[in-house]
Every structure is written in structure tokens, then in C-alpha cells.
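Below you'll find the structure I mean.
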Amino acid sequence: GGSYPQKNAEILSSQYGINLFLAGLLLTFAWAVHAVGISKSHLLSYLITLMLIQLLWMLWYLCRSCTQRRLIRDKDTHAGARWLKCGITLFAVITLVLDSFKIGYYIDFSNCLSPTEGIFPVTHAVHTILQVYFLWCHAKDIIQSFKTLERFGVIHSVFTNLLLWTNGVLTESKHQLNEHKERLITLGFGNITIVLDDHAPQCNCTTTTLCSVFSQGIYYLYPFNIEYHILASTMLYVLWKNIGRKVEHHQQHKTLFKFHGITVGMIFGLIVLTSTIAIVVVYLIQIGRSKIKSESALTMFYLHAIFVLALMCTAGIVALLIYRLEDRSLDNSKNPARKLDAELLVGTAAGSWLLSWGSILAIICAQAHPKYTWYNLPYSILVIIEKYIQNLFIIESIHREQEKVNDNIKTLRIVTISRGNTLSLTPLYKEIYNDRAARDDGEVPCLFKGSTCRRENGDGGAKEETSQENSSVVHSASDFSFCSRNSVTNHKRRILKNIAAFLFLCNLSLWIPPAFGCRPEYDNGLEEIVFGFEPWIIVVNLAMPFSIFYRMHSAASLFEVNCKT
């Protein structure tokens, strides 16, 4: 009886959030296409209102939490991991720098800008600070009081962040599109009409140098702002799904990141990261300078990406083969955070798959093929395969149960023997399970050269033998089998950790090019001839944000896999 109204509250709150988002999305689209009667001030006023409402809700929640801080509350141990909080804090700090640039930009152009363009970055800065504090303190909460009201407050926060993400994506995409239109002519596509979508202020800047710094710096900081809002929305969504949830109380294994044992993966990953940064710098310098330089930049990008994607595919296949050789059960317990991770991986991968299939179709159907476009074919195919393999690896990794210590380990004592005499009796380790002490019978599960593993009998006696010269070791086939299995397991685990570390750095590397303007889907030009300029640009602008988010989300998931392995 109690679940029925709560289910209704969940449905009502989700519909409220969707309508909130659709209204903002339509307003954003109207501003983007220069709809009559819709200006940027209308869009910013709507976003400011949503942020102020969320600020009021968060303040109310924080005050209520302070008055009830002595109460014991259930926590979702899987939600709001510390590394995730540190990541969102880093993006939030850069977002605050972006807001300060926007404030400086407004001051320089205050004569012809709407007051909302000055109010928006101030409100956004306050919103960012309070929201990060809220997520640090309450991301793990499982709300059990005022559930209906809290559902509306949390879902309002989710879709407010999604709208801020959409606004950032659109602003950054419009800037990239303008630069792309200016570069197209250098590749020889003169038949495409170049019409810049200009939203620049219609007045002179008071300080020319500062205006240039602010206007250019803003667009280099947008990728971090975009990632901040999408991370915040996912963390808040998990909080919304946890409202009213009954938690199974069980011991949660702590996952700690350690550099020990992942040197190989880190070295290869850092090589990929360094080379990618160098490629992006050269690409941005060369593209648009001349036709020859643009073609060489595209060829360089495709060759580097093909090599990196091939390595990632190989690493992913090796990891999946290791999983096939292991017999470990999957954790199928209810976990909203883990379920959301898996859905986001597959859902956002569809963005780059769409672009890849578009490129493949354009290469097949095009009448003329410049030399550099042929490198796009293996690149597009590898993008599809790599994401397919990587998704399988990550989803299986986050669903695998953590390995438990073998129950057959018993109490051991190491007795060093020399010429038949006991020199020392030293306890090595003691791990007793199922409330059972070590028994007299059975074999010793480990070997030590020059020593004897000895089990104490009830009357204090022990069996021992001596071997060549000074010592001997008594063991059975089962003892050797146990040690061998343990050694093989550790070896597999070390390989998996190196693969996860390598893929983590590779995904960070592949996030950098599209996030900072290195987008061959724009500069290639072949797709625009086959599909038409406007249709292909629409496809790229819709799919690219999901492709960028996929890389960052994959990196976060692989970091978790590395900690868990």
C-alpha cells in the first residue's frame, strides 16, 4: 500500500523533469536558429530561474540534514565514489575560471550586452560551489523522509544540469562550426556556401587585449564545463533513484587505487597520451593553413588514431580471454549506479557509431576519393569494433564479484630445520574461516625452500623430514596445485590491472582531440559532399557531444575497474 503513492511520485517527478527539459531545449533551439522574438537573454533568464530554484532546494536540504545529523541514515556505498567526487571538483574549479572569464567579458562589452549575461555567470558560480559541496556530503544518501518533495527537488536538479550541459554544448559547437566553415575553403570545397553564425556583440571592446583573452579562453574551457554538468547530472540521478530504496546491509570492499603492479600499462598509456597531445597541437596548427597542410594533418591524425585503436582492441580482447579462462560469478544485486554506468556506456557509444557509419557510407558512395579519405575507412571500422570490445570488458568488470580468500587456508607454523634440530618456531600467518581451527589431517598448502611447513598435532607433536644437506620440504600434489593457482591468479590480476590502466589513459587521450577542436568529421569534407553540408553538420553536432562524453565516462569506469581488480 505504501509503495503505490511513491511510485506515482516517481512518475510525476520524472514527467515534471522531462517537461522542464523540453521547454528549455526548445528555447535553446529557438535562440540557435535566430527565431523571431527569442534572444539570448530569454534563454539565460530561464536557466537563471532554474538554478535559483535548485539553490533554494539544496539549502533547504542541507539545513534539514544539519538538524537531523545525529540520525543514522542508510548510505549507498556504490554511489559517489571518492575519485568521482575529486573528478567533478576538478571540473568545477575550471568551470569557476570559465565563469570569471565570462564576467570579465561582460564587463568589457557591458555597453551592448544584456544584464542577464552578467547575472548568469555569477549565479552559475554560486550554483557550482554549493552543488559540489552538496554532492560531496550527500551523494550517498538514501532519502527516507519527505520523499515526494525530495523527488521533485532532485529531478529538478538533474534536468537543470542537463540544460546547462546542452547550453554549453551548443555554444561550443557554434564556435567550432564557424571555424570549420572558414577552413573548408582551404580544402577546395568552394561550392559550399560559407555563412558564419555570428553572435558577437555589436559594439567595441573597452580593452582589446583582455577581450581577446576572454573570448578565446572561454572556448578552451567549455569542454571541462560540459563534463562537469554531465557528471553532476548522473550523480544526482543516482540520488533520485535511491529515494525510498531499501538497502541490503552487507560488507562493502574498499577499492583503492595503487600504482604498484601497473607500470607497464602506465608507461604505454603515457606514451599514447603524450603522442596524442603532440598530434592535436600539430593538427590545430596545420589545418586550414593550406590544402596540402590540411591533407597532411588529416593523414597524420588518421594514422595515429588507427594505431591507438588497434592497440586498444588487442588489449580488450586479451582481457576478455582472461575472463573466459576464469570461473567467477557475477554480482546481480540491485545497484542503480552500476546500472546507469552500463546504460551510459552503450547509449553514448551510439554517437560515435553513427558518425563512423556515416563516414563508411560516404567513402563507399563518393565519386571522388582524395588520398587522405581512404584512411578514414579503417579508422571508422576500428572505432566501432573498439567501443564494442571495450564496453564488453568494462560492463563485465563492474559486474564481477571481488575475489574472496580461499577457505582452505589454515593455521600454519614455519619450522626451520637444520641437521634435524629445530632452530626457530615462527608463526607465518593465520587465517581461520567458518569458525574452524586448523586440523591435524590434511596437507600444507605452501612450500618454503630450506624449511618445513608443519601442522601442530593435538598432543603437540609434529611430523618432519630432512632432505639433502640441511633441509627438506614435505608436500603433496594438492599443495603444489594450490600455490600454482594462487600464482596464476595473481599473474592474471596484474595483466588485467595493466590493461585497465592502459585503456584508462588511452580514453583520456582520445577525449582530448574532439574536446579541443580536432574533429576530422568536420574537416574531412567527403561526408558533406555525399550527405549535404547542413544535414551532415546537424548529425555531427548531435552525435559529437555523446562521443566526447563516452571517452570521459569510459575513463572513469576503467579507473574503477583498476581499483576493483
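Please read every residue number as a count from 1 along the shown chain.
Including glycine, each Cβ sits where the backbone N, Cα and C put it.
What TrEMBL shows for this protein is this:
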- 16-37: transmembrane segment (TRANSMEM)
- 43-62: transmembrane segment (TRANSMEM)
- 83-107: transmembrane segment (TRANSMEM)
- 119-136: transmembrane segment (TRANSMEM)
- 219-240: transmembrane segment (TRANSMEM)
- 261-285: transmembrane segment (TRANSMEM)
- 301-323: transmembrane segment (TRANSMEM)
- 344-369: transmembrane segment (TRANSMEM)
- 495-517: transmembrane segment (TRANSMEM)
- 529-550: transmembrane segment (TRANSMEM)
Under 8 Å between C-beta atoms and at least six residues away from its ends: which parts of the chain pack against the transmembrane segment (344-369)?
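234, 376-377, 379-381, 383-384, 387, 391, 394-395, 521, 524, 526-527, 529-531, 536, 539-540, 542-547, 549-550, 553-554, 557.
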Counting only pairs 6 or more apart in sequence, are there at least 3 Cβ pairs under 8 Å between the transmembrane segment (83-107) and the transmembrane segment (495-517)?
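No; fewer than 3 Cβ pairs under 8 Å.
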Could you pull out which residues elsewhere in the chain have a CB under 8 Å from any CB of the transmembrane segment (301-323), counting only those six or more residues past its ends?
268, 272, 275-276, 279, 283, 372, 375-376, 378-379, 382-383, 385-386, 389-390, 392-393, 396, 400, 492, 495-496, 499-500, 502-503, 506, 509-510, 513, 518, 520
Are there residues at least 6 beyond the ends of the transmembrane segment (219-240) whose Cβ is under 8 Å from a Cβ of it, and what are they?
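Tertiary neighbours of the transmembrane segment (219-240) are 13, 76, 79-80, 84, 87-88, 91-92, 94-95, 97-98, 101, 128, 131, 135, 138-139, 141, 143, 151, 154-155, 157-159, 161-162, 164-165, 168-169, 171-172, 175, 336-337, 340, 344, 515-516, 545, 548-549, 552.
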